Amino acid sequence: MSAKQIVFSTDARDRLLRGVELLNNAVKVTLGPKGRNVVIDKSYGAPRITKDGVSVAKEIELEDKFENMGAQMVRAVASKTNDLAGDGTTTATVLAASIFREGAKLVSVGMNPMDLKRGIDLGVAAVLAEIKARATKVISSSEIAQVGTIAANGDAGVGEMIARAMEKVGNEGVITVEEARTADTELDVVEGMQFDRGYLSPYFVTNAEKMRVELEDPYILIHEKKLGSLQAMLPILEAAVQSGKPLLIISEDVEGEVLATLVVNRLRGGLKIAAVKTPGFGDRRKAMLEDIAVLTAGQMISEDLGIKLENVTLDMLGRARRVLIEKDTTTIIDGSGDKASIQARVSQIKAQIEETASDYDKEKLQERLAKLAGGVAVIRVGGATELEVKEKKDRIDDALNATRAAVEEGIVPGGGVALLRAKSALVGLTDDNADVTAGISIVRRALEAPIRQIADNAGVEGSIVVGKLVDGRDHNQGFDAQTETYVDMIKAGIVDPAKVVRTALRDAGSIASLLITAEAMIADIPERGSPQSTGNGAVDSMGY
């Protein structure tokens, strides 16, 4: 085991604080509508340009091990906030740095760090409750568009596109963001269920121009196992021919002889048919087949259920208004399943999501839920260069996450105003222990940090903005950094999702209060000749 270096007390907190400040300085420049971009070097390809706080935080690794501990703790705040709320990472970083900075000062003059932590926890809890109480529900499409616009740094086109997508697929529907092959950003809404399996043979294609299979009002055979026996299939194939309707086969696989026969029948024009493989793997494959069965009012043909293929009749098959099959995707549009059955299936999946502890299982269940609940919308991001597309994609991802959070918990005035106004929850909140009361004051001061930073990034003195807003009585009044005017934030459409604001403060308070209580730090002794062994590396030149 290698020898360790140990630092204590004020030295430990100072080193932690230097690391926190370095990370904070790199991240905070991106905050607000006039926030700047950060250029990140990549080991391959061109550098990346981003205004996404968590992307910046994830790139930061410091040479000094003790400073790096501080930076990594705050980086964890940004990552956790991003995971839970999908946005607000820069706000969380600024809040955490402010709380730790003020706390470290008070500990250095003799206050008890554990009592300060208690005070911070009390203050944060009071503010979280206040923000939740002040949140207003998002109902209209225009409100959803406002949230998306703010999160996309004032890009109204992005906000409106997200609102349109949510209108089409519902609040629980899947909205994905991918890179387009053109310079335009566009929304493509897939009504119905889409899964990532395409046609088994290009000979099934009915639209040669678009290279896809288009089946109108087809029957859908949902089979759990491989189809290897042509004899067993004959009764259902004959019934399909007599009905005059197309037939879609969804099964684990179709063996060579059977597939060849289906293709020959398709080419001769006797049978409009197509076959695709079942989506998913393992147990999920069976669950997805059951989802398709519910959506199309069909039965899953499984020998486990005592249903043999040769005994299958047309009334056991699913139905849909239209099916589109491309090389890699199958889309079932307007299945015949009744709403009550689909809703019962949705409720069942929601219950499974609540029960599962695995993040992977949860993600897969949510995908199934979204497919059943409302279909899929795809936002294809275009741009003149690859760098522009990636930067825009970051912003749209943020906007999409923020919009989902707004629908979930409602909205509050944006631009740091909600946190500033929530200071009212701390009025009269004190404790018999002076150090606990000082901890509450740390939170009171930190609530001003985001709005100060937004103003600073716009080239305006933050303390003047805060002073003017504190003097005003209108709870919705705030500073519009884009126009550098004081406006009613709700009416101006400058809003934040309550969930994003609450998550940012909760995570920042949690990590920062723990950093304050650090009394010793342990790390490997740096090798001789490394920058750490001669001092603090590049940090000294930055004036800390």
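Just so you know, glycine gets a Cβ as well, placed from its N, Cα and C.
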ATP site partner of T30, L31, G32, P33, D87, G88, T89, T90, T91, G415, D496 (as recorded in Swiss-Prot), chosen from K42, K51, K65, K105: K51
Neighbouring C-beta atoms (10 Å sphere around the C-beta of G88 (ATP binding site)): 32
DSSP state at T90 (ATP binding site), helix/strand/coil: helix
Per DSSP, three-state class assigned to G415 (ATP binding site): coil
